[in-house]
């Protein structure tokens, strides 16, 4: 018997992957969580039927949500990931020697526990002494921690279910207030092919709050359309104006390297037009 | 009844698209040809079970195989597409006013005829008076036309069946000889995720023939892994050294614009490492 997992990424299109076995399935307080072993991508974490991360291509997402902000900030000491219970963004942030505290604010403790158990390459750094894991609603956490962080990453699921509030203007305003005077935020911003209206709105919202707003994209095979994007809001530092000689080449990356720190903001024409 | 078309892009992974209807199916002398109407991507041309082009995302492939070479060459007058029977690359080449003759050397006349009938937005420019359509084996055509072209594009299918010879070093040597003294070639080079060995070999082969070799990638949702690539061999002009003030902004593009003419060569780290 051949088992295939098919994700309908839209009503009319999807990806399909051959399964070696299903590892774990549960309904947590917040969502359905599935861990499956695929032949093509290794282990896959699926939340509410949507691929969140896989062994083989997770590096793209986790490097790209992290390094543009971290390498733009002059001295990121106290950093936060909202969502991101798999720990991949935390792992990347810890590559900066300046980091003293990295807080993970994840609403679903089961995602953290299952990632630590089944995805140790991704979640393994959650046990680092610099990491403070908070099982908490990110919106509430942001509200309770004003003027606290140098960098905040919004590593959310799709804008359905528990993550809807993480795509709202009020939330970005809260992040602005949770950042210090020279802080930077980055939010994952979905696919330019399938979520163009959302991208336009999120960019406009962040640009209405932060003095510097930048948007970039990268290729992630298992995410809808294969093209993914992030929006950066920054109070002081512009990634396009950093002194390239001061950029760090983070250890063990496979997608990001400092040579792309500025070029990644040059977008395909139709993508750039979403921001106008 | 719901019909879905599934392409296994590897043994273990694929894409699946909801079908409105099947438009045409035939076995030509060279391959199976299917035209289907999908809800997500509009009409889709499928050769031997592999998506070649779709209404909605064809612009990425056709612009990106064409404009890097055409906008790097100082004065492309006589140009050639090997393969590319759908006419999309020819359409993009004709955007350069310097072009006097654009030859299409496609082995399968049925692909040309069906594209003209069912994909007029892509193939419509094949009737332009500057276009010379040759139904011919591209390898033979190259051999018979030495020192003839300013730009040659290798717009091949996957390296199976009729296209195997279009990925061989001998063929690239033939292209070198078919180009004039300042000529440029670009060959489609598959997915960095799924075809890494092929990419390394093709790059090495082209670099052993041409003084300047460059490699670039772009995001195409319906192609395997969503990340696609091209290899450029050039006798004289380096795309990284062109005077940006002299670049043309080709009309009606949706992916390429001259702002990305140099940045597109900055690769994801793991992709750049395939070329070492």
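A Cβ is built for glycine as well, from the same backbone N, Cα and C atoms used for every other residue.
Fair warning: this is a prediction, and the values are worked out from it, not measured in the lab.
When the candidates B:76, B:159, B:162, B:192 are compared with the S-methyl-5'-thioadenosine site entry in TrEMBL, which names B:31, B:106, B:137, B:138, the shared residue is B:162. Annotated spermidine binding in TrEMBL involves B:86, B:155, B:156, B:157, B:158 plus, out of the candidates B:24, B:62, B:67, B:73, the residue B:62.
For the domain 'PABS' (B:2-235), the model gives a mean pLDDT of 97. Using the Cβ center of B:31, B:106, B:137, B:138, B:162 for S-methyl-5'-thioadenosine, the list of other same-chain residues with Cβ within 8 Å runs, in sequence order, B:30, B:83, B:107, B:108, B:163. Maximum C-alpha to C-alpha distance over the listed spermidine-binding residues B:62, B:86, B:155, B:156, B:157, B:158 is 16 Å. In three-state terms derived from DSSP, residue B:106 (S-methyl-5'-thioadenosine binding site) belongs to an extended strand segment. It is 9 Å from the Cα atom of residue B:156 (spermidine binding site) to that of residue B:162 (S-methyl-5'-thioadenosine binding site).
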